[in-house]
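According to Swiss-Prot, the GTP binding site annotation covers 39-46, 66-70, 84-87, 151-154, 184-186, on the basis of sequence analysis. Positions annotated as Mg(2+) binding site by Swiss-Prot: Ser46, Thr68. The domain 'EngB-type G' annotation in Swiss-Prot covers 31-205 and is backed by sequence analysis.
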Amino acid sequence: MTESRIDFRRAKFLISAPDIAHLDQYLPGDVGVEIAFAGRSNAGKSSALNALTEQKSLARTSKTPGRTQLINVFELDAQRRLVDLPGYGFAQVPLALKNKWQQALGEYLQKRACLSGVVVLMDIRHPLKDLDMQMIEWAVASEIPVLALLTKSDKLAQSAKMKTVNEVRLALSEFGDWVQVEPFSSLKGTGKPKVLAILNEWCHPQWLTDELDAANNAE
């Protein structure tokens with residue numbers, strides 16, 4: 001079966017849930033393919049989702065870091081979803097709420113069988129904070145590929161941008177092929193084709209391709 005290209009512009013809001021337990025209640029089971037977006041509260045996660053889907057308000061942006069407290073799910077088609085995870089690491093969030101978010105993130109990454117890939121978004125000027133590394137380590141430990149997306153790349157000159165990209169690639173080289181590193185700018189569109197190509201690949205895991213082939217052959 002030839003790998004089809006997913007039209008990410010067709011993404012539409014599906015549900016919000018406070019944690020993975022509620023996610024299981026609303027979704028048709030742990031099935032299909034999900035790609036998760038995770039990042040610190042000021043990493044530009046909502047802006048990146050809007051830029052990648054070419055929708056200005058798919059994910060709601062806010063000047064107040066820490067606003068996204070829910071797991072928000074967007075549907076691409078009957079088999080595939082994008083999942084916007086709660087922003088983490090915002091200092092002014094109460095400790096109890098922060099711990100609740102961390103628990104929800106950890107449960108999702110470690111227990112969600114349909115998770116095909118995780119995009120960990122980091123401000124290119126402040127990459128690889130402790131919580132970023134924890135997210136990456138959780139995902140790789142569960143054998144889930146990671147795209148470390150260095151956002152707001154338009155904030156740096158080209159030489160400084162590539163210096164940071166290379167430093168992050170070196171720092172994450174211990175994870176081998178499980179982690180890819182790319183610069184990205186929601187404002188300028190820098191890196192968008194590369195990111196969409198990676199997401200498209202994640203949308204076509206071998207098991208889903210085999211399943212769809214079997215269904216087509218049975219018709």
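Positions of Cβ are set from backbone N, Cα and C atoms, glycine also.
Keep in mind it's a predicted model, so treat the numbers as computed, not measured.
Each residue in the domain 'EngB-type G' (31-205) has a pLDDT score, and their mean in this model is 90. Using a 10 Å Cβ-Cβ cutoff, Asn42 (GTP binding site) registers 15 neighbours. Reduced to three states, the DSSP call for Gly39 (GTP binding site) is strand. Counting every protein chain shown, 26 other Cβ atoms lie within 10 Å of the Cβ of Lys45 (GTP binding site). Cβ environment of Phe184 (GTP binding site): Ala48, Leu121, Leu149, Leu150, Thr151, Ser153, Thr190, Gly191, Lys192, Val195 lie under 8 Å away, each six or more residues apart in the same chain.
Other C-beta atoms found within 10 angstroms of the C-beta of Leu70 (GTP binding site) number 18, with every protein chain shown included. Each residue contributes its Cα atom, and for Leu70 (GTP binding site) and Ser46 (Mg(2+) binding site) those atoms are 13 Å apart.
Around Lys152 (GTP binding site), the same-chain residues six or more apart in sequence whose CB sits under 8 Å from its CB are Gly44, Asp123, Ile124, Arg125, Ser185, Ser186, Leu187, listed in sequence order. For the recorded site, Phe184 (GTP binding site), the DSSP three-state label reads coil.
The sparsest Cβ neighbourhood within 10 Å, among the listed binding-site residues (Ser46, Pro86), is found at Ser46.
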